[in-house]
Amino acid sequence: MSSTVALSHAKLPRWAPALVGVVSLAAAGLPAMLLGWGLFAWLVASVLLFLAALPGWSLVVEGRRSAVDRLMTGLVWSAFGVAVLPLVWLIYVVVDQGAQAINGEFLTYSMRGVIGDEQGGVYHALIGTVFITLAATVVSVPIGILTAVYLVEYGGRSKLARWITFLVDVMTGIPSIVAGLFALALVVLIFGPAFRMGFGGSIALSLLMIPTVVRSAEEMFRLVPMDLREASYALGVPKWRTILKVVVPTAIGGVITGIVLAISRVIGETAPLLVVAGATDGVNFNLFDGRMTTLPVFIYSQYAQSTPAGYQRAWGGALVLIAIVMLLNLIARLLGKLLAPKKA
Amino acid sequence: MTATLNPPEAERSEKPASRRGDRIFAGLARGAGLTILLALAAVFIFLFVEGWNGLNAEEATYRPATDFLGYIGPLILSTILAAIIALIVAVPFAIGIALFISHYAPRRLATPVAYVIDLLAAVPSVVFGLWGGRYLADLLQPVHVWLHDRLGFLPFFGPDPASPNGRSLFTAGIVLAIMILPIITAISREVFAQTPRLHEEAALALGATRWEMIRYAVFPYARSGMVSGVMLGLGRALGETMAVAMVLAVTPVATLNVIGTASPATIASNIALNYKEATPSRQSLLIATGLVLFAVTFAINFFARWIVGRNERKQAKA
């Protein structure tokens with residue numbers, strides 16, 4: 001009798017993972033009910049049980065290699081599940097706690113003269129956030145876009161262009177507190193050691209914002225088809241007008257999306273503003289003189305008070321801040337869709 | 001004859017006008033690029049000028065230590081410990097999620113998952129700090145006790161008692177892990193997705209399971225990309241300020257114990273906690289520690305980006 005080599009081996013049925021899943025949930029549910037575990041402990045126990053049971057079954061039926069494969073599949077899926085947990089929990093807590101703090105007074109009053117358990121609000125911090133972030137945007141957008149133009153249209157493969165690309169990437173990793181210290185050193189050197197101003201915060205934020213703007217604008221300019229530029233050159237249009245009238249308008253949707261995302265990144269920065277713009281209880285409309293509180297700094301200083309009222313206000317501020325950040329993200333996405341070049 | 005000669009002449013006469021606009025615009029663009037390089041150099045120079053006095057000031061400035069090394073030593077220790085905890089926790093998860101997005105998840109699920117992870121990066125650090133200090137610390141407190149009871153013989157978990165409120169370097173490290181997860185995931189995901197399709201299909205055709213395909217085709221290809229992703233995460237963890245400042249209970253005494261009642265602050269959080277002491281000498285001391293932090297994170301980022309760039313150049317050649 002000639003024996004034949006089997007070309008296929010035993011496999012678990014397609015519904016095996018689902019079955020093991022249900023069984024693990026049930027099996028972990030029994031001690032969970034008897035010992036009064038929480039929902040969290042029950043889920044953890046079921047996942048562990050699943051990770052042991054399915055590879056175990058597979059080991060018996062399919063062999064070692066498949067068992068390892070199934071174990072890894074299970075681990076990869078649970079890694080994803082575990083990572084989503086903190087995000088969901090954090091957002092739930094912020095919304096739950098923040099909603100209790102927010103009302104009309106909270107949004108329209110500053111903290112001037114607020115003592116003890118009086119309500120107080122974030123008005124001054126909102127003003128500070130808007131002013132400082134806008135100033136940072138005004139500084140970084142022209143520099144960022146012009147640099148992107150240089151990299152795509154003029155730099156080519158020159159040494160300078162390659163160094164700029166590289167250092168811009170490196171800059172994205174600068175700790176924000178270092179940007180704050182730089183702005184502080186600058187302000188202190190020019191105006192003296194005790195001077196603080198909101199614009200110092202804008203300088204620090206621009207340092208953090210410019211790399212993001214450059215990278216997104218550069219990417220968008222590179223997507224503009226060469227044909228469009230060549231068609232423009234063929235009509236005798238000079239290069240700079242081609243860039244302004246053809247390249248930039250074509251890419252504008254992506255560029256604006258990138259800018260809004262960059263704003264949403266820096267609007268939550270705390271450390272640099274804490275160091276250079278300081279904190280104050282009152283409203284300050286002057287970017288160039290005096291301390292200016294922003295929303296993140298407000299949250300931090302309320303938290304640092306360690307009183308129930310302080311925590312309450314910190315959560316309220318956190319909800320407002322998260323809402324602003326998410327809104328900016330949403331706007332960025334919408335603008336990206338609306339301003340995208342029409343496809344023929 | 002004249003008809004053929006005219007056009008070049010006309011072109012020549014128009015050239016100077018258009019060229020001037022071009023020169024100005026090109027100059028502006030190049031100037032903007034140079035501004036960025038100048039700004040980066042300025043960061044170094046200003047921190048150096050302002051921080052120089054902090055390196056050898058009067059002894060009283062360094063209280064409770066007596067010199068610069070004594071002052072920054074415990075801070076460096078804490079910074080490194082927190083970053084190591086963050087990496088140990090974040091790297092396996094980040095690589096798992098990156099694999100999930102690039103190779104495991106059904107296509108319809110992959111995009112939303114990537115979006116959710118990016119959302120994690122959008123949460124401001126101060127909110128992470130608030131949540132870490134008020135909620136996560138409470139949740140992790142029993143873990144502190146457990147670690148102390150079981151592994152108390154290790155210098156990291158003993159011999160001092162475990163923190164009663166969970167506001168330890170351990171909790172701070174976990175918060176940092178959550179914060180650096182997105183960057184490591186993003187970079188790993190990109191390199192995983194770049195694995196040549198043919199390598200993967202060849203592995204599968206030889207009978208490899210999906211995990212074997214990933215181990216023998218994807219990981220070797222993506223190794224340097226993963227390393228640079230981890231280094232970028234390390235850079236973030238070293239420089240993160242608010243989350244640590246808000247979670248950690250601080251003492252200036254150096255200790256290896258990461259679950260004790262208090263640890264030294266990290267370099268970055270120390271700056272945030274002490275910026276109010278505005279005496280000029282103290283201020284230069286803080287700026288000097290900031291210079292050290294900047295130099296270290298700059299070197300790490302420089303190296304990580306260099307690895308990424310080398311990889312891209314290699315691929316461009318192949």
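Cβ atoms are placed via backbone N, Cα and C, with glycine included.
Annotated features, as they stand in TrEMBL:
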| type | residues | note |
| --- | --- | --- |
| TRANSMEM | B:24-48 | transmembrane segment |
| TRANSMEM | B:68-101 | transmembrane segment |
| DOMAIN | B:76-304 | domain 'ABC transmembrane type-1' |
| TRANSMEM | B:113-132 | transmembrane segment |
| TRANSMEM | B:169-187 | transmembrane segment |
| TRANSMEM | B:241-265 | transmembrane segment |
| TRANSMEM | B:285-308 | transmembrane segment |
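The stretch in B:68-101, B:113-132, B:285-308 that contributes the largest number of Cβ pairs under 8 Å to the transmembrane segment (B:169-187) is B:68-101. Beyond the ends of the transmembrane segment (B:241-265), by six or more residues, the same chain brings 64-65, 73-75, 77-78, 81-82, 85, 125-126, 128-130, 132-133, 136-137, 144, 147-148, 155-165, 167-173, 175-176, 179, 271-273 to within a C-beta distance below 8 angstroms of the stretch.
Same-chain neighbours of the transmembrane segment (B:68-101): 54-56, 62, 110, 113-114, 117, 156, 169-170, 172-174, 176-181, 184-185, 188-189, 192, 214, 218, 226, 229-230, 233-234, 237-238, 244, 252-254, 256, 258, 263-268, 270, 285, 288-289, 292-293, counting only residues six or more beyond its ends whose CB sits under 8 Å from a CB of the stretch.
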